Amino acid sequence: MNLPNIDQIKTYLLDLQDKICAALAQADGSAKFTEENWVREEGGGGRSRVMVKGAVFEQAGVNFSHVSGAALPASATAHRPELAGRSFQALGVSLVIHPNSPYLPTSHANVRFFIAEKPDEDPVWWFGGGFDLTPFYGFEEDAIHWHQTAYNLCQPFGEQLYSRYKKWCDDYFYIKHRNEARGIGGLFFDDLNSPDFDTCFNFTQAVGDGFLDAYMPIVARRKALCWGEREREFQLYRRGRYVEFNLVWDRGTLFGLQTGGRTESILMSMPPLVRWEYNYQPAADSAEVALYRDFLPVKDWLAAGEHH
């Protein structure tokens, strides 16, 4: 078994952050990312980058963090007693993009690595990550492209991976109190540590690198569409679902806040503007109702693509 190489992972993640920020800034054309390097008292730190009030992106946050500690918090060892008494390191890149246009979907991606070590014992380690898409006004062509990209990057690693990680994503990004999916899903994986380090790292890199391939063509296709107040109002209302999921159900957000993580970085995923409306119902046969009818129910998007 080849042992994890933390320097190798860190180099990849910093490079991924650079690459994604460069692509987003280029697509925006007017705004730039501001960078903040921060240090965590208990160990480690990170590099947070945020772009606000752009021509295309209202807010885009791309975070790198590498935190470490002498012992894991209770919230982390409750489910995994074998981790108690081990020192740990957690590295990752996570991003959330909130475009201006209601015709551009919100997008989220994350790749991460975790290792817990103890002298004279094998380290416990795993990778996790994925990406998911949250449209307001859906386009079938975009949904098919998003899932086809996810399928293609999974294929070299196993025939069943796409369907397994797609289902995991559908199950994870589900807003239970609304009985509704957060978006159209994508990929989600966690606890990945077999068959060996190199294979797991290669797959995680494929997911990280695949994000731009999945998202940027959608941005290029839709960013020039005209929209008005009605579309904006619906976008802001649907962003409320994003906030509800992140603050009530998301494990990463809760873990970060409970373990004294950097609050500004954790809450960078929040949309800058959002609205709630009591008992909102979209009009029958409207463009808004199409989201609920055609996009949020779990769907085999690859099969949808074959019908064209």
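If you go along the chain as it appears here, the first residue is 1 and each next one adds 1.
Cβ atoms are placed via backbone N, Cα and C, with glycine included.
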Per Swiss-Prot, member of S87, S94, S286 binding substrate alongside N110, V111, R112, G260, G261, R262:
S94
Of 134-169, 170-205, 242-277, the range Swiss-Prot labels region 'Important for dimerization'
242-277
Roughly how many Å lie between the Cα atoms of G260 (substrate binding site) and H108 (active site, proton donor), rounded to a whole value?
23
Candidates H108, H147, H177 (recorded positions) - the one closest to S94 (substrate binding site) by CA:
H108
Least Cβ-crowded entry, counting other Cβ within 10 Å, from the recorded positions listed as H98, H108, R262:
R262
Are any of H98, H177, G261, R262 (the binding-site residues) within 10 Å of H108 (active site, proton donor) when you go C-alpha to C-alpha, and if so which?
H98
Is it possible to get the count of other C-beta atoms within 10 angstroms of the C-beta of H177 (divalent metal cation binding site)?
9
Spatial neighbour of R262 (substrate binding site) that is closest, considering only the binding-site residues H98, H147, H177 and their CA atoms
H98
